[in-house]
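K.L.:
OK, TrEMBL features for this one:
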BINDING   67, 68, 69, 80, 84, 85, 86  substrate binding site
COMPBIAS  148-158  compositional bias 'Polar residues'
DOMAIN    18-147  domain 'dUTPase-like'
REGION    132-168  region 'Disordered'
């Protein structure tokens, strides 16, 4: 461990599975493994156990992210990405997976890497009610207001519909 690392206590609930681990030096996410076999039909979701529970220190959160290879090759992703593991949670980490492929089922086997756990510091905010918020350059412009939409055939012309940078 380096001076910047944080110690996370892990309870192994399934002795046959590895603890969360980083695949390569410098990786942000530690791999989580499926504790059992699961087949996801097209569009189906499942809460998949990982066989581990953690005790994160106060001031830290565990964020459960999809594995990019699983998403790219199979269309499987984390439905509520990122999933949140609060510092006070002591139960088994379970991953809410969904098969986004519209035609092919996907079978994941016990021991397959299914997600990544990113541990990071968090700040707690104090919320103070006000009558009005201070002005900003963006103001109340929201979804799609900064542009960046493709102009290919079939894409929506945001300005023509009254949305986007030019249509506000």
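Just so you know, glycine gets a Cβ as well, placed from its N, Cα and C.
A TrEMBL annotation is a machine prediction, not a hand-curated record.
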K.L.:
By DSSP assignment, list the helix, strand and coil residue numbers for the domain 'dUTPase-like' (18-147), in that order.
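P.N.:
For the domain 'dUTPase-like' (18-147), the helix, strand and coil counts are 7 helix, 51 strand, 72 coil.
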K.L.:
Sorted by position, what residues of the same chain at least six away from residue 86 (substrate binding site) have a C-beta under 8 A from it?
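P.N.:
For residue 86 (substrate binding site), the qualifying residues are 56, 61.
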K.L.:
What whole-number distance in angstrom separates the two most remote CA atoms of the substrate-binding residues 67, 68, 69, 80, 84, 85, 86?
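P.N.:
Of all Cα pairs among the recorded substrate binders, the widest measures 26 Å.
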K.L.:
When you measure from the Cβ of residue 84 (substrate binding site), how many other Cβ atoms are you left with inside 10 Å?
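P.N.:
Neighbour count, Cβ to Cβ under the 10 Å cut-off: 11.
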